[in-house]
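Feature annotation from TrEMBL assigns domain 'Kinesin motor' to 2-333. The ATP binding site feature in TrEMBL is assigned to G90, V91, T92, G93, T94, G95, K96, T97. According to TrEMBL, the region 'Disordered' annotation covers 403-455, 584-606.
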Amino acid sequence: MSVRVVARIRPLLDNELDKDIIVRADSVAQDKSNTLVKIPNPKNESEEFSFAFNSVYDRSTSQEALFTSEVAPHVKSLFQGLDVTIFAYGVTGTGKTHTMRGGLRLAERGVIPRLLSNVFRRGKRIAKDTNGDSTVEVALSYYEIYNDKVFDLLEPPEKRTPSGLPLREKEGKTIVVGLSERSCEDLKDFERLYIEANNNRVTAATKLNAHSSRSHAILRVRVTQTTGDTVRESTASCIDLAGSEDNRRTENGKERLIESAAINKSLFVLSQCIDAISRGDKRIPYRESKMTRILSLGQNNGITIMILNLAPLRSYHLDTLSSLNVSSRAKRIEVREVENEVVIKPATKPASVLGGAMSRQPLRPLANAHNVHTGSVLAAKAAEKEKADKPAKLFSVFVDKKTPTSTRPVPSKRAPGALSDISEARPSKVARSSHSSLARPALQPLQQKPPPQVSMSAEQIEAMVEKKVAEILASRAAQSAPIAEEPPVVISVQNNQISDEVKRRLEALEKRVEDSRSNDDGRSDGLQLLLKARQAKELGDDEAALQFYESALPYFPGQAKLISKIEKLRVKLAKVEKVEKKKRSARPPIDLGGEDDKENVMPETSPRTKKLLEIVNSRDLVLIKGLHGFGTKKAQDLVDILNLRGEKGDEGSRVASLAQLRMLPGMGSRTVEKAYEALAV
Ligand SMILES: Nc1ncnc2c1ncn2[C@@H]1O[C@H](COP(=O)(O)OP(=O)(O)OP(=O)(O)O)[C@@H](O)[C@H]1O
């Protein structure tokens with residue numbers, strides 16, 4: 001089953017009534033419901049683009065109508081053991097939070113409170129219909145991803161550590177280590193928890209939207225159904241993604257710029273994942289951001305619904321087109337509709353999630369067991385379940401704090417081994433279905449092997465990197481080929497030329513990168529740098545290649561071959577530099593637009609320098625891509641290298657001067673010069 005992608009166009013707000021509406025819902029035929037979003041071509045207004053979705057909801061759609069059509073049908077699936085993921089995607093101010101959380105009045109409740117209300121109602125009905133033989137427990141966890149760090153929203157902000165909670169992969173799912181979970185008996189309970197947690201959520205007003213959410217918020221609702229000794233668990237995840245935005249339009253300050261860079265990066269990675277999946281790529285860049293790791297689009301089993309929120313206004317034109325593009329491709333993503341297995345309860349009852357007001361999830365060593373019948377029923381269970389089944393009543397407030405308190409910890413350099421002091425990983429809730437292992441068929445046999453050795457010879461690295469690069473380049477060439485059918489042929493020819501042994505080693509390299517990433521030992525970063533160096537070399541960018549090799553050296557100290565490569569490149573570049581110098585001295589001086597630089601050099605203190613460094617340090621892919629001479633790849637490489645240095649607490653994570661910028665891998669004098677020259681102040 002594919003990801004279900006639906007679009008929702010929000011109505012005009014009071015202060016927008018005089019604004020130009022350019023987005024509309026349409027249908028393919030008169031008697032059909034709306035499945036199209038139409039929007040003019042910004043370059044030629046007489047032309048209209050049309051984007052098709054599973055369903056499109058226009059401005060008059062109520063919260064109830066959206067919930068009834070899109071979410072309510074899946075509550076049944078949730079109780080059948082399927083995981084359900086619902087996420088809202090869209091530009092800032094398009095109605096994601098309104099859709100997911102909703103407003104104060106009953107009729108304005110969003111997807112989340114309605115879902116909880118339905119879950120409680122169905123749970124009670126099950127208990128009633130089975131005379132209490134079956135019981136349903138609901139537990140919540142709620143967290144946010146802010147600046148690519150995970151923070152528990154059910155814990156008071158004082159408990160946060162600057163590095164946030166780490167992620168781990170466990171049995172095919174990404175889990176947040178040390179995340180708390182609280183049991184929730186009814187809607188009132190939920191309301192209390194949800195409001196408290198939302199007050200913890202940092203929202204900061206920007207000029208664009210006074211309630212702009214600066215983090216991705218993820219609510220997980222774990223439903224546990226117990227009948228005798230058998231337990232079935234499933235999870236509904238409701239995700240309110242942060243909105244992307246144009247920093248220039250919002251006139252964001254420095255702090256906001258950093259937030260925006262992190263938001264834009266994760267959303268950019270999400271779009272890259274969607275592209276890669278829809279192209280059928282083998283490597284999906286999930287791991288490039290925490291949000292995409294958690295969302296695991298296309299890797300997660302169950303049902304996934306993406307709600308694309310749109311503003312109908314002209315002022316959002318380009319942003320709207322961009323999110324329409326991304327989300328219309330998401331329709332092609334296949335999700336396996338696999339139910340979570342029923343497991344058998346252990347003889348000793350674990351500490352109940354219902355027990356405390358607040359607790360980490362207790363260890364539940366549940367065994368995977370099919371078709372096993374045991375006679376022992378936990379008698380205590382019925383007594384414990386004798387709880388007042390009060391009907392769900394009026395729903396109340398869901399508001400963020402109007403003035404967000406600055407509770408977020410100041411990001412600091414991560415101390416070496418900082419992750420190790422995080423509390424133990426929350427145990428897996430359920431032994432996973434064997435189906436879940438299908439997520440990565442190619443890697444599966446390798447996963448049973450003992451972990452790879454830590455050391456690798458330079459030759460081994462080189463051989464694997466060579467092949468990997470050749471594969472990437474072949475695949476790129478194939479993708480840029482004019483005939484759409486060609487890529488698979490080219491790739492398969494390439495693959496056929498690679499012996500099984502090499503393929504095995506390449507897979508081992510991929511796995512090594514994966515393993516080292518999840519172990520956080522930084523080796524994968526080294527391998528990534530080697531890959532980038534090789535790519536740069538293949539593309540004839542020796543300067544970038546050298547800098548990537550140099551950056552990789554600390555990961556493979558003393559590797560003779562790597563050192564020799566660096567030496568050779570240095571000699572080569574020194575020669576080139578000599579020739580360039582000669583040419584430069586013969587060239588007329590650069591016109592820097594009349595700035596106060598009498599010597600025709602780029603002055604380190606000029607407004608243009610300041611602006612260039614500000615853009616670079618924002619790590620905002622969109623802004624950096626906008627620099628003259630920066631393509632997507634160069635911009636992404638720069639952001640990667642800065643993030644990498646930032647993670648390592650490296651001083652160089654902030655670029656303080658043009659000289660420093662020139663020294664970064666992939667930069668060089670000419671690149672900096674070009675970007676500087678074209679910059680308007
Ligand atoms: N369907 C709707 N009906 C009425 N008002 C709406 C609707 N959708 C959005 N709004 C209003 O539009 C404004 C912006 O919506 P919202 O805050 O939900 O946007 P957002 O996409 O979550 O923004 P951000 O990414 O900044 O969090 C709010 O005032 C909200 O109440």
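Note that Cβ sites are derived from N, Cα and C of the backbone, with glycine treated the same way.
Unlike curated entries, TrEMBL annotations are predicted automatically.
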Residues near G95 (ATP binding site) in space but at least six apart in sequence (CB under 8 A): R8, R10, A88, N309, A311
Reported mean pLDDT - the domain 'Kinesin motor' (2-333): 84
Distance-selected binding-site residues near ligand 1 (C-beta under 6 Å), from V91, T94, K96, T97: T94, K96, T97
The one of G90, G93 whose CB sees the fewest other CB atoms within 10 Å, among these binding-site residues: G93
